[in-house]
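Enquirer: Before I ask anything, let me first share the structure, which is written out below as structure tokens.
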Amino acid sequence: MSILDSGGVTTTTENGGGEFLDLDDRLRRRKSRSDSNGLLSDSVSGADTSPSDDVGAPADLRDRIDSVVEDAQGTANLAGGSGGDTEIKETGGGRGGGQGGGTTDATYTYRPSVPAHRRVRESPLSSDAIFKQSHAGLFNLCVVVLVAVNSRLIIENLMKYGWLIRTDFWFSSTSLRDWPLFMCCISLSIFPLAAFTVEKLVLQKCISEPVAIILHIVITMTEVLYPVYVTLRCDSAFLSGVTLMLLTCIVWLKLVSYAHTSYDIRTLANSADKADPEVSYYVSLKSLAYFMVAPTLCYQPSYPRSPCIRKGWVARQFAKLIIFTGFMGFIIEQYINPIVRNSKHPLKGDLLYAIERVLKLSVPNLYVWLCMFYCFFHLWLNILAELLCFGDREFYKDWWNAKSVGDYWRMWNMPVHKWMVRHIYFPSLRRKIPKVPAIIIAFLVSAVFHELCIAVPCRLFKLWAFMGIMFQVPLVFITNYLQERFGSMVGNMIFWFVFCIFGQPMCVLLYYHDLMNRKGTMS
């Protein structure tokens, strides 16, 4: 059955030999292919045939007819988008098509005889179809609204309070006397050289395996205690102390990975039934030096490498890093510091007032945390990877879709997660330690280093960061249960609430007031 538009009326031919008249080249080519396969041919008895006759046709035939008609209508709509009627050149003719040729102007619109409803469809925002749609437009709307609302709030804040940014919190008047911390940062390079020397002595059979293990323990412990001592002895600025402690923790994790991986390679190389016969133990200062500056915490003799350095790309990422770092500092000084200074200790006083302060602090704290994540895990680590041609750049996964607290910790910081899995969790399982105690051990190590990075620069040991990290252990099991019981969205909402509304703002208030109380007591 062929569809024939003659004189602006949709009819059907009885002999099946007609052709779809020249609406446009694409439809004519599609029709000719369909006619050659016999897909649009159908013998009809009687002279009066309506479009409803398609109901009895096979499903694939109806779909092809619907597709041709919809394409014709879509072409006409696009062509007529300029606001006037669409003029289409048609080859005139009646039955048998092609006789009595000539061209006439016709206005092609939706024909009343063409069915407007042909299949079962869901509304785009229905529960069955909402996750199958593209929401790019809504995302753009959210970005526009977010920028507009926050721009108004920033302008209002500047008009009401003025410029509140000060530098004494980050760089105090004694910052120029922070040279011991700077020298300590430089001297940390001694510890990788010491670890390399130990591995070289083991390779040359100068020391035994137990002695090497003891030496590595001494090196790693000294690497942590030495910067802690220097930071506590010097009255340094907060930023200088945090920088030194972060660098100390990174070097410690790398040293542990280097010693543990080298020990495992030696074990496999000396094993009679080693799984990989190509495993061989060797010590390379070049591979250790590359590992110490590479954006990874897991040592291996070689890494996947990218072919070249994209200088223009690096320059753009540096520009973004400067912009977002400045924005982060602006939020801290203009919003977070005034809120914290005008608050009371959250555990001492009115409960409702403490809740109000925590909620007021949650939004700027969330912005700072997101900027910190973007600056460090995306911009800085990718810049470093590009400069070093480091190929594996999975520094994070889509943690914002975490269905539980456990998913978040597995996805938001991939270098630390890989280190924990490689050197803490699975070695514990191989030691016949059950799964739950192995998880607790991993969180315990994380809690200790979180406390070091915050408590040592503040010279305040209240264990708030330690308890905050250890509190994640029951939350992991609670959110896992809620995910299985109620679905993924419940766990995701609890994750966002704990980290952005309750957890981090509360820790900020606790550390600030304890720090102010300590300074008041000392003065």
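In case you wondered, yes, glycine gets a Cβ from its N, Cα and C as well.
Okay, so TrEMBL annotates it like this:
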- HIS450: active site (ACT_SITE)
- 37-52: compositional bias 'Polar residues' (COMPBIAS)
- 93-103: compositional bias 'Gly residues' (COMPBIAS)
- 1-59: region 'Disordered' (REGION)
- 74-106: region 'Disordered' (REGION)
- 136-155: transmembrane segment (TRANSMEM)
- 176-198: transmembrane segment (TRANSMEM)
- 210-230: transmembrane segment (TRANSMEM)
- 237-259: transmembrane segment (TRANSMEM)
- 318-336: transmembrane segment (TRANSMEM)
- 366-390: transmembrane segment (TRANSMEM)
- 436-457: transmembrane segment (TRANSMEM)
- 463-482: transmembrane segment (TRANSMEM)
- 494-513: transmembrane segment (TRANSMEM)
Enquirer: Looking only at residues six or more beyond either end of the transmembrane segment (436-457), which have a C-beta under 8 A from one in the stretch?
Expert: 224, 228, 231-232, 236, 238, 240-242, 244-246, 248-249, 416, 420, 424-425, 428-429, 463-470, 472-473, 476, 511
Enquirer: Sort out for me which stretch, of 136-155, 210-230, 237-259, 366-390, has the most Cβ pairs below 8 angstroms to the transmembrane segment (176-198).
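Expert: The stretch with the most close Cβ contacts to the transmembrane segment (176-198) is 237-259.
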Enquirer: Let me check the 10 A CB neighbour count of HIS450 (active site). How many other CB atoms are there?
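Expert: That number is 19.
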